[in-house]
Amino acid sequence: RIRLKVGLALGVVMLCVGFGVLIMHFIEKIDWLDSFYFSVMSVTTVGYGDRAVKTLPGRLLAAIWLLVSTLAVARAFLYLAEARVDKRNRERAKRVLGENMSISQFFAADIDHNG
């Protein structure tokens, strides 16, 4: 299930990059390679500042696009971190459940003393 979340989040990020390429190419009249460069730099929030949106329609679309893209990247990183923590917890639980427990450890784990 977490892999599906990660895959969908990364898919949304790729869609955001693609939308940015289209905005820059068709509205700002920038060639495809530079549009892709601008889109990736903007979506990943690196933004060297060597390219900027100049037209009013481009700026309006870019404002919304960058907000959505930034949230999509944040969500993708959140899901990646969640997947990593989930994997670590599953490995730890598997290791702990595979160990033999002594009587003293059993009684130490019995917090409410009900056996």
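Heads up, the Cβ atoms here are built off N, Cα and C, so glycines get one too.
Curation does not apply to TrEMBL; its annotations are automatic.
TrEMBL lists 7-27 (among others) with the feature transmembrane segment. Away from its own ends, the transmembrane segment (7-27) comes close to residues 34-36, 38-40, 42-43, 53, 55, 57-58, 61-62, 65, 68-69, 72-73, 75-76, 78-79 of its chain (Cβ-Cβ under 8 Å, at least six residues beyond either end).
The annotation domain 'Potassium channel' is assigned in TrEMBL to 15-82. Averaged across the domain 'Potassium channel' (15-82), pLDDT in this predicted model comes to 91.
Under the heading transmembrane segment, TrEMBL lists 60-81 (among others).
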